[in-house]
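A.B. asks: Quick one: the structure is below, and I'll ask about it shortly.
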Amino acid sequence: MPMPPDDSPLSLLPDHPLAAHNTFGIAATARYAARITHAAQFEALHRDPRVASLPQLVLGGGSNVVFTRDFDGVVLLDEIGGRRVVREDDDAWYVEAGGGEPWHAFVAWTLEQGMPGLENLALIPGTVGAAPIQNIGAYGLEMKAYFDSLIAVELATGRSERFDAARCAFGYRDSFFKRDGRGRFAIVAVTFRLPKRWTPRLGYADVTRELDARGIAPDAATPRDVFDAVVAIRRAKLPDPRVLGNAGSFFKNPVIDAAQFDALRARAPDVVSYPQPDGQVKLAAGWLIDQCGWKGRALGAAAVHERQALVLVNRGGATGVDVLALARAIQHDVRVRFGVELEPEPVCL
């Protein structure tokens, strides 16, 4: 995304509090923070002697991070905004958004512009730049389905690079940027390919039930209907992080092979599962946690949400260590009872 040049020195905020920059609302402090509004500022970091030798952390909405300690480095607050149609052909629109653009606002904008496709991903917290890192997904859709490419800056060199889907190596809630590329790049712009022929994604019962409750037959649903249904479902199930600190779903839904699933089903016939195209089986992590009796329980100021067992919350004053201790206790109980490993979605620092 073209950005105006910015040759001014980076403005550093010393001893910057981070509670307002993570959706858990966990108190932590960064040695420095800097607000990044232009790609050129990322590109110049490696030449700035004040920060070049320090650890660097790029933060968007802070919806996928748990701070267990202060950050002894510079936190780069990605505020690169903007959204535009960069081109279109007979089949699709190619839409670009800045890395710091709020994700939900971007999804709503695409609908307002008559370019549907992302509506199942409505109300997911965070920014556009964070979406490819996590390969966000919900209600039968992963971001990678509409991903075209992104521009990222390598922090150590200031070099801008283009990544296509193959280079991003997307997996389930995973990508190159969570593995080999972790901490190395800042995503400054993402381009999505939105087909002009809309294909509704209505494979999840929650969505069709919500449509039915609104008197809308699935085969008559519009993109706006699906968007509104998903927003209503998420608001009913998930706490607002502005009111109750959380990072959305804390654990990935585990994927196991067929043999392991057969053994598990023999022990737990009611296990909630979703067959995958490759023969593996995805399990509902929330069901596993609920069966272990964790829904609504707390360890100190960290707790499992009373309506959604996948969501861990900060009841007020919880530290990252508190959240991590709760997560580990849940992992232990699920492992002992079901022989299944739960993997956290957020990055714990």
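Keep in mind that glycine also has a Cβ here, set from the backbone N, Cα and C atoms.
Found this in Swiss-Prot, in case it helps:
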{"type": "DOMAIN", "residues": "25-197", "note": "domain 'FAD-binding PCMH-type'"}
{"type": "ACT_SITE", "residues": "Arg173", "note": "active site"}
{"type": "ACT_SITE", "residues": "Ser249", "note": "active site, proton donor"}
{"type": "ACT_SITE", "residues": "Glu345", "note": "active site"}
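Have a look at these and tell me how they're positioned relative to everything else.
C.D. replies: Applying an 8 A CB threshold to same-chain residues 6+ apart, the list for Arg173 (active site) reads Gln134, Asn135, Ile136, Gly137, Lys252, Glu345.
Other C-beta atoms found within 10 angstroms of the C-beta of Ser249 (active site, proton donor) number 22, with every protein chain shown included.
Its own atom aside, the Cβ of Glu345 (active site) has 20 Cβ atoms within 10 angstroms in the protein chains shown.
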